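Pulled from Swiss-Prot:
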- Cys11, Cys14, Cys17, Cys58: [4Fe-4S] cluster 1 binding site (BINDING)
- Cys21, Cys48, Cys51, Cys54: [4Fe-4S] cluster 2 binding site (BINDING)
- 2-31: domain '4Fe-4S ferredoxin-type 1' (DOMAIN)
- 39-68: domain '4Fe-4S ferredoxin-type 2' (DOMAIN)
Amino acid sequence: MSHSVKIYDTCIGCTQCVRACPTDVLEMIPWDGCKAKQIAPAPRTEDCVGCKRCESACPTDFLSVRVYLWYETTRSMGLAY
């Protein structure tokens with residue numbers, strides 16, 4: 001199952017998302033495109049389980065996890081109701 005993590009420029013480098021990820025998908029790397037000069041990309045998206053704990057932990061709404069598999073998206077949407 002593969003998920004994409006959308007990157008915004010509001011990262012403050014607090015590492016809350018990295019610590020919240022149960023599968024250690026995220027890691028901090030240098031990046032000039034945000035205030036903190038470092039960013040938490042998802043180099044191992046195949047390990048992402050789509051729990052969105054990183055989104056919940058982020059104080060600046062930096063991360064957005066999107067599911068790109070049709071089956072997985074429909075299943076996730078069904079869980080919301």
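Sequential numbering from 1, following the chain as shown.
Even glycines carry a Cβ here, placed using N, Cα and C.
Other Cβ atoms within 10 Å of the Cβ of Cys17 ([4Fe-4S] cluster 1 binding site), summed over all protein chains shown, number 23. A straight line from the CA of Cys58 ([4Fe-4S] cluster 1 binding site) to the CA of Cys21 ([4Fe-4S] cluster 2 binding site) spans 11 Å. A helical conformation is recorded for Cys54 ([4Fe-4S] cluster 2 binding site) in the three-state DSSP classification. A gap of 20 Å separates the Cα atoms of Cys14 ([4Fe-4S] cluster 1 binding site) and Cys51 ([4Fe-4S] cluster 2 binding site). Around the Cβ of Cys54 ([4Fe-4S] cluster 2 binding site), a 10 Å sphere holds 24 further Cβ atoms from the protein chains shown. The secondary structure of Cys17 ([4Fe-4S] cluster 1 binding site), as reduced to three states from DSSP, is helical. The shortest Cα-Cα distance from Cys17 ([4Fe-4S] cluster 1 binding site) to any of the binding-site residues (Cys48, Cys51, Cys54) is found for Cys54.
Rounded to a whole value, the Cα-Cα separation of Cys21 ([4Fe-4S] cluster 2 binding site) and Cys11 ([4Fe-4S] cluster 1 binding site) is 16 Å. It is Cys51, among the binding-site residues Cys11, Cys21, Cys51, whose Cβ has the fewest other Cβ atoms within 10 Å in the structure shown. For Cys51 ([4Fe-4S] cluster 2 binding site) paired with Cys11 ([4Fe-4S] cluster 1 binding site), the C-alpha to C-alpha distance reads 20 Å.
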